[in-house]
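Feature annotation from TrEMBL assigns domain 'FeoB-type G' to B:7-173. As annotated by TrEMBL, GTP binding site applies to B:14-21, B:39-43, B:60-63, B:124-127. Taken from TrEMBL, the feature Mg(2+) binding site covers B:25, B:28, B:29. Sequence annotations record features per position, and here TrEMBL assigns transmembrane segment to B:282-303, B:342-362, B:382-404, B:416-442, B:454-474, B:513-532, B:648-671, B:683-702.
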C-alpha cells in the first residue's frame, strides 16, 4: 500500500485519506470534511495546474497544491 | 417560550452556499434593515417576519462552517452566539443545511444545539437531493437531534410557508446535546470557567475560553481569570478542538447512518459538466473575460434608454420651475442648483442597479467561486490570491463594499494589498465621468457593429486592472513577507440565481447610492452653485459693467448679451478664484480653471465631476435654452478661442479619473478597515501622484 500526498494524485483518481498535518490549516481542512478514512477524488485543476478541486462527500472544495500537500492519502492498489 | 414574541430575536445561521440569503429574503422581504456590528465592518442584517397578529425579528448571520472563528465574519457569528454581542440577545436559532450535504452541515447545527439554544433546522435544496437519490427520514432525524426539522427548496419558494408559520408559533426546541464539555476537559475546570465568564452553558464557556485572546468584547479581568484557569489545568486549545472535531464527526456519522439513504448515483453531474467548460485550461479565461466584456457592453446599451429618460425629465422639470416661479435667487437656486444636482444623482441609478444585478447573478449562480479558482494562480505573483478577485471585481461597482469584502482574506498581507489596490478598479462612480467624456470623443458612437464607446470603456477598465496589479506587485516587493496565505474554497453547485435576491440587491445598492452618496453630491452641488453664482463684490460689479447692452437690442443681440454677462460673472465668481489658484498645477495636464474647480470638488466623490461641470456650464448659458451637457462641453472654447475639450484633454481627464483616489468615502472605509491612518494616507498620495503623472504623459503625447 503506497502513501502519497493529495497534491500529486491523478485527475479523476479517488483516494482514501490517511491523516492530516496537525497545524491550524490541517485542522481547518478536517473541519471542511477532509477526515482520515474518507475518500476524496481529484476532479480538475485550475489552468496552471494549481489550485486543485477535490470532491469530498458531495461538495467540491478547491485547495492550493501547498494545502493539498498536508493531506496524506493511500492509493488503492486494486485500481492499478 | 413565554416571552412576548414581538420582541423575539431569531438567529438565521448556516454553512456558506446553502441558500440562507434566499430564505432570509423570502421570510422578511423588504422589511430589512442593514446596519453594522460595532467595531467591525460586518453587515448586520435584521428583518421582520410579519404574522397576522405579531411579528418576529430575524438576524441573518454570515455563513460559517463552524464556530471556530478565523475571519472577522466568523468572529461576529461566534460573538453573537456566545452572547457577547451587546443588544443582540438571541432567543432561538434557525439553522439551514444543504440536504445532500448533511455531514458538514450538521457540524454547525450540533454546535448550536450544544450552545443550549432552542433550535429548528431547515434542510434546503430538497429537490436537488431527491434528484441525486438522497432520502432522509425526517421524523428520525428530528428524534435524534431533538429539534424540529423542515424540508425546503427555497429557490422555488417550496416549504417556506410551513417554516414561516412554525417560526411565528415559536416552534423551537432545545435539542439533545451531542457532546458536553466534560468529555473534553475536567469538570472542576468547567465550573471555574463558567463562573469566570458568567456563562450558564458549559459549551459556551468552553468556546469563550478557547478564543479568549482574540475576543475584544471580554474585559481584561475576565481574560486574566481565564488565562489563570487555562494555566492551572494546562489547557491545550488545539488538542481539545481536534478531539472535539473527531467526536462530533463520529457522532454525526452515527446519526446520519440511521436516517439517510443514498442511492449510488453519479452526483454533481451537471456541475461537473459545466466545470469542464468554465474551468477549462484555455477557454476558462476566455469565458471569464467574455463575461466581463459582455457585462460592460450590456450596462452601456441597457442603461442608455432609462438614462436619457431621466435626463429629459430633469431638464423639463428645471425648465418648468424656472418659468413658473418668480425670477430671483430662489428660482435660480432651485432650477440651476438643486434640480440639476438631483438629476446628476438619479441618472446613475440604472447603471448601478444593472451592475449589481450582474454581480448578484455571478454570486448566486456559483460562478464567482469559479472565477476565484481559475484566477488564483495568476494573482499570486502580484501578492494577491484568488480571494482578492471578488473584492477586485466588486470594485467595479464600488470600492466601499469591495474593501469591506476583503474581510474573507485571512492573510493580513494579502488583505492589505487588496485593500490598497482595489480603488484602482473602475467603480460605478467613474462611469458617469467616463460616459460624459467618452461621449465627447465619439459623438456618433459606432460604425455599424463596433461600438467605440464600449471599446474605450473596456480600455479604461483594463487600465484600472493593470494599475491595480502592478501596484500590488510593487507592494509585495516592499512589504516584508509573512507566512503565505491559503485558499480553502468551496465551489458550490451551479444553480439558477434567485430573482428575488437579485432584485433586492439592485434595490438596496441603488438606495444606498442615492441616500448616502447622493447626500454629499447634492450638498456639494448647492455649495458649488453658490460659489459659481457669487463672487468678491468689486469683481462682480466690474464684470457686470464690462458688458454693455446696446440700445434697442434685437433678439440675437439680447441673447449674446446674456451669454456674455453670464460668462463674465462666472469668471469673477468665488469658484473661479479657487480654479485660478490651482490652475498652474493642472495646466501641464491640459486643464483650465473650470476643470480645476471640478477636480477639487470631485475629491469628495468622483461623480461630482459631472454635476459640477453641469452646474458650471449651464450657468454660462441662457437657462431657457436647455441643451445636454455633452453639447455644452463640446461647444466650450478655451482662452484662445479654440475648442477646449480636444481629444488630448479628454483622454488626459479620463486617465486622471481612472487612477486618482477622488473619493472621501473610500478613504474613510480604508481607515476603518486597516484601523490606521497610515494606509489611507499612503494610498491617497500614491494614487494621486500615479494619476497626475499618467495624465501628464498622455496629454503631452497626444497634444
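Cβ from N, Cα, C; glycine included.
All annotation found in TrEMBL is predicted automatically rather than curated by experts.
Using CA atoms as reference points, the binding-site residues B:25, B:28, B:29 were checked against residue B:125 (GTP binding site), and the closest is B:25. Taking pairs at least six residues apart, the transmembrane segment (B:342-362) and the transmembrane segment (B:454-474) share fewer than three Cβ pairs below 8 Å and do not count as touching.
Secondary structure from DSSP puts residue B:43 (GTP binding site) in a beta strand. In the three-state DSSP classification, residue B:14 (GTP binding site) falls within a strand. Residue environment of residue B:125 (GTP binding site) contains 25 other Cβ atoms, counted within 10 Å of its Cβ in all protein chains.
Residue B:25 (Mg(2+) binding site) sits 14 Å from residue B:62 (GTP binding site), taking the Cα positions as reference. Long-range contacts of the transmembrane segment (B:282-303) within the same chain, counting only residues at least 6 positions beyond its ends with a Cβ under 8 Å from a Cβ of the stretch, are 350-351, 354-355, 358, 362, 367, 370-371, 374-375, 393, 431, 451, 453-454, 457-458, 461. Secondary structure from DSSP puts residue B:28 (Mg(2+) binding site) in a helix. Secondary structure from DSSP puts residue B:125 (GTP binding site) in coil. Looking only at the binding-site residues B:14, B:29, B:62, the densest Cβ neighbourhood within 10 Å occurs at B:14.
Here the transmembrane segment (B:454-474) has long-range neighbours at 292-293, 296-297, 300, 381-384, 392, 395-396, 417-418, 420-422, 424-426, 430, 434, 438, 441-442, 654-655, 658-659, 686, 690, meaning same-chain residues at least 6 beyond its ends whose C-beta is under 8 angstroms from one of its own. Those residues of the chain, other than B:25, B:28, B:29, with a C-beta within 8 angstroms of the mean position of the Mg(2+) site C-beta atoms are B:24, B:26, B:27, B:30, B:31, B:32, B:47, B:500, B:504.
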